[in-house]
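Q: Swiss-Prot lists these features:
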- Arg93, Lys133, 138-144, 175-178, Glu183, His206, 258-259: ATP binding site (BINDING)
- 97-288: domain 'ATP-grasp' (DOMAIN)
Amino acid sequence: MNVLILGSGQLARMMSLASAPLNIDVIAYDVNSQQIVHPLTQQPIDLSLEQAIKQVDVITAEFEHIPHHILDICSVSGKFQPTPDAIKAGGDRRLEKKLLDNAHVANAKYHNINTKQDFLNAIDTVGIPMVLKSALGGYDGKGQWRLKDVSQVDSIWEEMDELIKSSPNQAIVAEQFIPFNREVSLIGARNKNGQMVTYPLTENVHVDGVLALSTALEGTSNLQQQADEMFTAIADELNYIGVLAIEFFDVDGTLLVNEIAPRVHNSGHWTQQGTDICQFEMHIRAVCNLPLTGNQLLRSTAMINILGEDSLPDEILTMPNCHIHWYGKEKRAGRKMGHINVCADSPEMLQKELSKLANILDKQAFKALS
């Protein structure tokens, strides 16, 4: 079987690595260069997008910001999974909010903003404090503002207005500020037959708006049930096929959906060592309509993002429960260069392993371990 992935970054890379044992060949479409490339080497392949579409059995995506005309070309083939509507909802907060409402899942109050009057109306609808997010293109904390007081309206509007005017169809979504206890996420999958599986919830720690540490949760049956039910509602609403990630706010034991990602997700990288079938293989299984299994937690596991670093002390390689995954990317400040998965026999032992790691790694570069 042959699969074409739209996007050629680290997620496509890891999906390709997970596909090989299944005897599934993967090629990728680099959205920037508009070339078909090998997902591991990035070497161009002498195929046009149209030729690649004809050659493969399945088309999928590694991220949601795919140009709509590319989605449309792939959709016409009947091979694209999940649906273009799912990808578009993941890339546009307005569509995402509408989806959550249609699926009847709990999320923060919101108001769409295109003009300053909309902004003022949002204050009445949503209230202060509020979080303001770009409808298109925002990620890792970018394109966001927090309104704490009416005195900030003019200065924040000036920045938002500039963003709205910077690209067609851009807007702002105002959301009620949610004072949450922690952020958690759920990775799940659904295939064409409607079979669904979910992984254990993950607790996430962000530093400067970027995911830094994810830990698989154990013994959270009530939260897990809430998350599973919301996953089912959203996946069914979309008639979803593939891996779907949902980020939640945990508010005193009640979950509210923050956002969705219609793809494999950074907070699910721990599944490479923590489960039998990682999220990357699970996505390939789902889009190829293969059985979904192996989602149970095998051992206590956490993932640490490597941000802006292209080397680590060799001492880490002496730790048998540590697994480094590099992405083969050029070093850049704050860039996701790779991740480390850490495993242990219990949550207590995992914390000891993370403490060992904290003593080895640079404390400024890995603040979440401090």
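Residue 1 is the first one shown; counting continues down the chain.
Every residue gets a Cβ built from N, Cα and C, even glycine.
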Q: Out of these binding-site residues, Arg93, Lys142, which one has the fewest other C-beta atoms within 10 Å of its own C-beta?
A: Lys142
Q: What's the number of neighbouring CB atoms sitting within 10 A of the CB on Asn258 (ATP binding site)?
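A: Excluding its own Cβ, the number within 10 Å is 20.
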Q: Among Glu175, Ile178, the binding-site residues in question, whose Cβ has the most other Cβ atoms within 10 Å in this structure?
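A: For the binding-site residues Glu175, Ile178, the Cβ with the most other Cβ atoms within 10 Å is Glu175.
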Q: When DSSP is mapped onto helix/strand/coil, what comes out for Arg93 (ATP binding site)?
A: helix
Q: Averaged over the whole of the domain 'ATP-grasp' (97-288), what is the pLDDT?
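A: Per the prediction, mean pLDDT sits at 96 for the domain 'ATP-grasp' (97-288).
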